[in-house]
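Participant: The following block contains the structure, expressed as structure tokens.
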Amino acid sequence: MKVLAPLILAGAASAHTIFSSLEVGGVNQGIGQGVRVPSYNGPIEDVTSNSIACNGPPNPTTPTNKVITVRAGETVTAVWRYMLSTTGSAPNDIMDSSHKGPTMAYLKKVDNATTDSGVGGGWFKIQEDGLTNGVWGTERVINGQGRHNIKIPECIAPGQYLLRAEMLALHGASNYPGAQFYMECAQLNIVGGTGSKTPSTVSFPGAYKGTDPGVKINIYWPPVTSYQIPGPGVFTC
């Protein structure tokens, strides 16, 4: 395995992905509609960069004026594709299978979802899927037609939010920088929330460090049997 790992990395060097659209109530809102999609599908590797919040340089993102209405308590689906122009949903249309790691999702309450950059505090994690029985969260998305299901907590306050959906690829993470962070932000108007619970929050950048065991890790050798997902715990009602 020590010999094969560099070959795996070389073959997967250009295999990237984009959170291209959001599905709500079984209806896909459209590519780039309410989601700030980039013109390039590459990763962010510097966890101290402002681009770790909602993507950005070196991957310029396109503004969108749409704010998607979502009801608290429902499950939305972040749809991932290799490129914005990718129309299929086979595993190779999502992300290279070598890109193993967790999936995560965060929310941030904002005054205006179309203008807030996402940089700074206010983020709380609402979903994570790491390593379970030898299968990674990214593998479940890749083999599930690019569908990343995210439940919106019913107990949060109504209002406008940014939804940050993320896939983390660890095939090159034995050194830092090396882990590949893929994320985009959707612009939401969440209705029907009770506001009965206030989440603890973290900042982007700031939530991850290059020394975190879930960021700097060799997933090939010795074989990984457990994995610590980076960032805070998942907020629950």
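Here the Cβ of each residue, glycine as well, is placed from N, Cα and C on the backbone.
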Participant: For the Cu(2+) site that Swiss-Prot describes with His16, His99, which of these is also annotated: Tyr176, Tyr182, Tyr208, Tyr220?
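Facilitator: Candidate in the recorded Cu(2+) site: Tyr182.
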Participant: Under Swiss-Prot's annotation, the disulfide partner of Cys155 is which of Cys185, Cys237?
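Facilitator: Answer per Swiss-Prot: Cys237.
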Participant: List the recorded positions among Cys155, Gln180, Tyr182 whose C-alpha is within 10 Å of the C-alpha of Cys54 (disulfide bond), in sequence order, or say none.
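Facilitator: Close recorded positions: Tyr182.
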Participant: Relative to the Cα of His99 (Cu(2+) binding site), which of the recorded positions Asn112, Cys155, His171, Gln180, Cys185, Cys237 have a Cα no more than 10 Å away?
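Facilitator: Of Asn112, Cys155, His171, Gln180, Cys185, Cys237, within range: His171, Gln180.
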Participant: Counting other Cβ atoms within 10 Å of each Cβ, which of the binding-site residues His16, His99, His171 scores lowest?
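Facilitator: The binding-site residues His16, His99, His171 were compared, and His16 has the fewest Cβ atoms within 10 Å.
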Participant: Using a Cβ-Cβ cut-off under 8 angstroms and a sequence gap of six or more, which residues of the chain neighbour Cys237 (disulfide bond)?
Facilitator: Pro153, Glu154, Cys155, Ile156, Ser196, Lys197
Participant: What's the most sparsely packed of the disulfide-bonded residues Cys155, Cys185, counting other C-beta atoms within 10 A?
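Facilitator: Checked Cys155, Cys185; of these disulfide-bonded residues, fewest Cβ neighbours within 10 Å: Cys155.
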Participant: Roughly how many Å separate the Cα of His171 (O2 binding site) from that of Asn112 (N-linked glycosylation site), to the nearest whole number?
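Facilitator: Rounded to the nearest whole number, the Cα-Cα distance is 36 Å.
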